[in-house]
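The next block holds one structure in the form of structure tokens; read it before the comments.
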Amino acid sequence: MKKVVLIGTGNVGVTVVYTMITKGIDAEYVLIDINTEFAKGHAMDMSDAIALNSTTGSKIRTGTYADAKGADLLIVAAGRPQKQGETRLEMIADNSKIMKDIALEIKKSGFNGFTIVISNPVDILATVFQKVTNFPKEKVMSSGTFLDTSRFRKFLSEKTGVPTNSVHGFVIGEHGDKSVVVFSRMQIGFSRLDDFLKSKALTEDDLKWISEKTYKEAYEIINRKRSTYFGIGASVAEMAESVLYNQRRIFPIGIYLDESKPGGGIYISRPAILGENGWEEVKNYDLSPAEQKAFDESAINLKKHWDDVQKEISF
């Protein structure tokens, strides 16, 4: 049976695990949190849900960092939550220190599996985790812009009437305000985006609205209910399933950007194949000149923040 370890049992982390369980991903789930009683309460609650599903062989319990040894997958959701009106990048100082401490403990445990970082800001924190542990880059990833892509597909579906599973395209770059919607590679059903523009089924104003709505939606949700967790829970469960069962599906997730590229040396989202060897970047995913410029600017902006982190924290 697979073994999955979750660090951080707040709303986001436990929603990921619960979604994995309801999807039928059989595993031994181990919950780790600084608040051990809180984690134990979640384990007890979810074990009741497991008991109602006679087809699953899953088990769930609490544990310590030592339990990471032998695990197939580590999901890191620890960190302070995003405050109302706060950008993800404004959380860097606090959560980078937390991530460094976690990474040191995980390295000490002998863990040798795959890691999905979902604590915000995910791009920077995945970089912190990989630098501290020195784990193979392809075995560390972040949830990146997978959720942004889901939101974008939802809004494009609303505008066109085409179901979301027939809307194909990605959001790349920073998981945040400088994300980049790749309209040039978009396909809606069997048609290119240009066909919808030519027929006036979509307008340039529609595309602008979709782009803005995609990155602003998180703030709207946080203003209403203080945090987001169902969307990211579903997204990360999909990633976990692809890694654990070698499905080799393509997702827009945080992967390492080579130092030779503008803003390189950090994790940032591009399309990647996820399977038993970790992530593989999708090759020949060409962008329009404007999209490439926006992506480079997004990477350079993140790199500046990463440089600031390195001034505050020794690696």
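The backbone N, Cα and C atoms fix where each Cβ goes, and this holds for glycine too.
The following features are taken from Swiss-Prot:
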- VAL12, ASP33, TYR65, ILE118, SER119, ASN120, SER143: NAD(+) binding site (BINDING)
- GLN82, ARG88, ASN120, PRO121, VAL122, ASP123, ASP148, THR149, SER150, ARG151, THR228: substrate binding site (BINDING)
- ARG153, HIS168: beta-D-fructose 1,6-bisphosphate binding site (BINDING)
- HIS175: active site, proton acceptor (ACT_SITE)
- TYR219: phosphotyrosine (MOD_RES)
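In this structure, HIS168 is the one among the recorded positions ARG153, HIS168, HIS175 with the smallest number of other Cβ atoms inside 10 Å of its Cβ. Note on proximity: among ASP33, TYR65, HIS175, the recorded positions of the record, the Cα nearest GLN82 (substrate binding site) is that of HIS175. Annotation note: HIS168 (beta-D-fructose 1,6-bisphosphate binding site) sits in a strand segment as assigned by DSSP. Straight-line distance linking the Cα atoms of THR228 (substrate binding site) and VAL12 (NAD(+) binding site), rounded to a whole number, equals 7 Å. In sequence order, ILE116, VAL117, ILE118, VAL122, HIS175, ILE232, SER235, VAL236, MET239, ILE253, GLY254 constitute the residues six or more apart from SER143 (NAD(+) binding site) in its chain with CB-CB distances below 8 Å.
Comparing ASP33 (NAD(+) binding site) with ASP148 (substrate binding site), their Cα atoms are 27 Å apart once rounded. Among the record's NAD(+) binders, VAL12, ASP33, TYR65, ILE118, SER119, ASN120, SER143, no two C-alpha atoms are more than 22 Å apart, and one pair sits at exactly that spread.
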